[in-house]
Amino acid sequence: MKPVIALIGRPNVGKSTLFNQITKSRDALVADFAGLTRDRKYGDATYQNKSFIVVDTGGIGESEGGIDNYMAEQSKTAINEADIIIFVVDARAGLLASDEQIARELRTLGKKIYLVANKVDGVHAEAALVEFYKLGLGEPLQVAASHGRGVQQMLEDVLQDIPEDENPEEHDKDTGLRLAIIGRPNVGKSTLVNRLLGEDRVVAFDQPGTTRDSIYIPFEREGRKYTLIDTAGVRRKGKVDEMIEKFSIVKTLQAMKDAHVVVVVVDAREGIVEQDLHLIGYALEAGRAMVIAINKWDNMSEYDRKQCKLDVERRFDFIPWARIHLISALHGTGVGELYPSIHRAYESANLKVSPAKLTQILNDATDQHQPPTVQGRRIKMRYAHMGGQNPPTIVIHGNKVDKTPADYRRYLENVFRKVYKLEGTPVKIEFKTSENPFEGRKSQVDERTAARRRRYIQKFKKAEKKFKR
């Protein structure tokens, strides 16, 4: 499981700015998918081959109920589930009573805590940080999050005990195809897991959220290894407090990052709700292959089934490549048909093609439909190669390719999808502009050679005039 780092601190100390610096997520990564909104309170991050999940827990200490109520009702749940805590303070504002109260609470938890003093730009750092030593959390790490200063050094200190990511091929040998079953509470995730396994391996009750944590279940089917990941339920706001919901989502993110294929389970009777779309958004951001299972399809009237199908077509139109199955996990209807779609999604997500073949397809595509012009000059796409798997990433090099509009990018994606029959996975296309190797290089010609060239040019011009006469 990916480690979780929680950003803690009172309001306006710069946690969100620091979050953006760590995750590089000022713009939503799924912005290309129309109608999909994201709460940017949590995100994936990688630093020096170390992957982790970071959470901005919101401001502490200024709520109406006071620090104790806030810690009891919201933050304690979040902090208890974090592996590392970054306690952010404001170097400009200095040490406040609420900082001291938060520090007292944090010290009782036995967690690894790093004190980070933000906004050190524009102040005398040594003088400003002296008072923070009384918090008893060691030497403050200095950052200026708005400028990105000190963030890399902070990450090196914070992540020093976090191991580097495993070799994916070695991990795959042990676990086989890793399949994450995700969805809101009570949509039938655990029932589906039990049906896929053929036995009651996971306790499943009618109470939402009965699966308390992600459960990893290895099994074999028809000679093939699998690991099923049953995730804790993602709750609706209003049913439980915000922090619990946020960390339920973090558990889902952890499972997604560890999976090859994600099965998103939706309740046909409740219909498609925003949280279902958010879950799909998380899977897209993680770049994971995906299969949609519309569960509880049994005992629905013909009218309700028709309305559900229309809703599915309308709400899921931004992922036309995802296979959608109508199932009943309880009775097993349609469950067996999930496996072919899961295998196809897995194979598509792990596409491997030689640069020569990719470049040939690229050339055929650009010959058939030329790239547009930018500032009077046509975009030139020269060659392509694979940049990674899960999701399949195609890197295209050329001149001005970084100016490629979204509609032409989609055209290229559709071409690659059609040629390689890619189903059930997002396809990532990256553009890299070829650099001029001589750009910015000073001329090595000395003054004597330059003068000789000027004389030749003058001589040529005189000869040209004489010839014209």
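Glycine is no exception: its Cβ is also placed from the backbone N, Cα and C atoms.
What you see is a predicted model, and the numbers here were worked out from it, not measured in a lab.
According to Swiss-Prot, the protein carries these features:
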- 9-16, 56-60, 118-121: GTP 1 binding site (BINDING)
- 183-190, 230-234, 295-298: GTP 2 binding site (BINDING)
- 3-166: domain 'EngA-type G 1' (DOMAIN)
- 177-350: domain 'EngA-type G 2' (DOMAIN)
- 351-435: domain 'KH-like' (DOMAIN)
In whole Å, note down how far the CA of Val120 (GTP 1 binding site) lies from the CA of Gly183 (GTP 2 binding site). 42
By CA distance, which of the binding-site residues (Asn186, Lys189, Thr231) lies nearest to Asn12 (GTP 1 binding site)? Thr231
Do you know which of the binding-site residues Asn12, Thr57, Asn186, Thr231 has the most other C-beta atoms within 10 angstroms of its C-beta? Thr231
Check the Cα-Cα distances from Thr57 (GTP 1 binding site) to the binding-site residues Asn186, Lys189, Thr231, Trp297 and tell me which is shortest. Thr231
Using all protein chains in view, find how many other C-beta atoms are within 10 Å of the C-beta of Trp297 (GTP 2 binding site). 20
Look at the binding-site residues Gly9, Gly183 and tell me which residue has the greatest number of other C-beta atoms within 10 angstroms of its C-beta. Gly9
If one measures from the C-alpha of Lys15 (GTP 1 binding site) to the C-alpha of Trp297 (GTP 2 binding site), what distance in angstrom results, rounded to a whole number? 44
Confidence summary for the domain 'EngA-type G 2' (177-350), mean pLDDT rounded: 82
Helix, strand and coil counts within the domain 'KH-like' (351-435) (DSSP): 32 helix, 26 strand, 27 coil
Using a 10 Å radius around its CB, how many other CB atoms surround Lys189 (GTP 2 binding site)? 27
